[in-house]
Amino acid sequence: MSAKKPMALVILDGWGYREDNANNAINNARTPVMDSLMANNPHTLISASGMDVGLPDGQMGNSEVGHTNIGAGRIVYQDLTRITKAIMDGEFQHNKVLVAAIDKAVAAGKAVHLMGLMSPGGVHSHEDHIYAAVEMAAARGAEKIYLHCFLDGRDTPPRSAEASLKRFQDLFAKLGKGRIASIVGRYYAMDRDNNWDRVEKAYDLLTLAQGEFTYDSAVEALQAAYAREENDEFVKATEIRAAGQESAAMQDGDALLFMNYRADRARQITRTFVPDFAGFSRKAFPALDFVMLTQYAADIPLQCAFGPASLENTYGEWLSKAGKTQLRISETEKYAHVTFFFNGGVENEFPGEERQLVASPKVATYDLQPEMSSKELTDKLVAAIKSGKYDAIICNYPNGDMVGHTGVYEAAVKACEAVDECIGRVVEAIKEVDGQLLITADHGNAEMMIDPETGGVHTAHTSLPVPLIYVGNKAISLKEGGKLSDLAPTMLALSDLDIPADMSGQVLYS
């Protein structure tokens, strides 16, 4: 069997394009490989945000959305737009699963709890959805409505939670019932790297109403956290309970609506509420009517309000149907993105699909090790390219995004330099086997490390375009005006394969 010449796609997570060098970790890093590719190879810029990826206009892209669009080869309307539309149409307020959970709790005189990432960030959740759910619970007769706020500071400025908390305090005052019952940073409640000691702190706060602190109001608790030098993301578990208020600990028969719609950081805390769980020993395990807003994983035996919209003939499925082999490879932090999200929400491998996982380093925050596990990842990727086993390879380097999120500029520069070195090795390997390579990003981040409006640290993604570079033996030029959903059709065309009718993306070269 002759060696295969792979079509590789390397996704540089968080590597956006911005001409201005000010506070731009990518432009100011020493990146001779990427500089040379942008100067000498076919290249263009493509859109990775807003309506072009199925998000609201102007909304920054993110990894889940980016990989879903890339793999689908069509614009995929994201849960954010889908749920917002349902609220506007009135469909949300009549959602059978939400209605049943609320009504059951109301009939039994029990509480309705809502938890989720409380911010307008729009990556994992949107506070507008939580607002609508609180209003819905109140309208359906719930008297005890408890809101458990996971604070952001990652997809939003590091100290921006106060506006959101005030908004909900005002809502409860207007309704004359319900209250904010707890606050905790997403570092604890939304871990995705099996740091169960963090998750346990959030779980105890929810189920036992036990935190490290108790304050009368959420805003007071937040100000105390800032005084302890804890930004939103890292706020320690705090119970909110004024004198004379009853505990909001979760009880048998209560309803719990988890209002995050993005799966990867919702899974761990959700699994703590499922009978079969071994992450830590639970001090309490209330029997709740738990509703996931969307399906976080097929193997979680809980109901969800908005089931997955199935995507037919994604890039991975189409390759599989054509009898081709493919490899998906990344570090822990972005492994779900090159597998589950890239496959349109399909958990299992397609026939002919292999997966390799490289463990991300166990550090508190990635500015402490900006290169992450890029060397080991590249060793495996280069070996895979040279193996002759794969028709297609999809790889993600997480550094630009994961280190960009820390807000530590010097570390982000080092992260970009580490990735550039790795890309040099990948390009060399592709040329050696006469393969083809597209280099792109799923969204921006590291190109803007200071917020131009506030002058503070910028830890969030951007809505700037991302590069697309071709390395290979075809004499092509890349078109302008493309978007992430054009990549799958482009790769199929480069591989001389048919493009399924389901893919509405365009081929980006001529």
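Cβ atoms are placed via backbone N, Cα and C, with glycine included.
As the structure is a computational prediction, the values presented were derived from the model and not from experiment.
Per Swiss-Prot, the features are:
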{"type": "BINDING", "residues": "Asp13, Ser63, Asp442, His443", "note": "Mn(2+) 2 binding site"}
{"type": "ACT_SITE", "residues": "Ser63", "note": "active site, phosphoserine intermediate"}
{"type": "BINDING", "residues": "His124, Arg154, Asp155, Arg186, Arg192, Arg262, Ala263, Asp264, Arg265, Lys334", "note": "substrate binding site"}
{"type": "BINDING", "residues": "Asp401, His405, His461", "note": "Mn(2+) 1 binding site"}
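Considering only the binding-site residues His124, Asp155, Asp401, His405, the residue whose Cα is spatially closest to the Cα of Asp13 (Mn(2+) 2 binding site) is Asp401. Those same-chain residues not listed among Asp401, His405, His461 yet with C-beta within 8 angstroms of the centroid of the Mn(2+) 1 site C-beta atoms are Asp13, Gly14, Asn62, Ser63, Arg154, Gly400, Met402, Gly404, His443, Asn445, Ala446, Thr459, Ala460.
Among the binding-site residues Arg192, Arg265, His443, His461, the residue whose Cβ has the fewest other Cβ atoms within 10 Å is Arg192. Within 10 Å of His461 (Mn(2+) 1 binding site), judged by CA to CA distance, lie the following binding-site residues from the set His124, Asp155, Arg192, Ala263, Arg265, His443: Asp155, His443.
Long-range Cβ proximity for Asp401 (Mn(2+) 1 binding site), meaning a same-chain Cβ under 8 A and a gap of 6 or more residues, is found for Asp13, Gly14, Ser63, Lys334, His443, Asn445, Ala446, His461. DSSP classifies His461 (Mn(2+) 1 binding site) as coil under the three-state reduction. Burial estimate for the binding-site residues (Asp13, Asp155, Asp442): highest at Asp442, by number of other CB atoms within 10 Å. His124 (substrate binding site) sits 15 Å from His405 (Mn(2+) 1 binding site), taking the C-alpha atoms as the reference points. Each residue in Ile11, Gly14, Ala48, Gly61, Asn62, Gly66, His67, Lys334, His337, Asn396, Asp401, Ala441, Asn445, His461 lies on the same chain as Asp13, Ser63, Asp442, His443 and has a C-beta within 8 Å of the C-beta centroid of that Mn(2+) 2 site, without being one of the site residues. The most densely surrounded of the binding-site residues His124, His405, judged by C-beta neighbours within 10 angstroms, is His124. Same-chain residues at least 6 positions away in sequence with a Cβ under 8 Å from that of Ala263 (substrate binding site) are, in sequence order, Glu64, Thr294, Gln295, Tyr296, Ala297, Ala336, Phe340. In this structure, the C-alpha atom of Asp155 (substrate binding site) lies 8 angstrom from that of His405 (Mn(2+) 1 binding site). The CA atom of Arg192 (substrate binding site) is located 15 Å away from the CA atom of His405 (Mn(2+) 1 binding site). Taken residue by residue with DSSP, Ser63 (Mn(2+) 2 binding site) is part of a helix.
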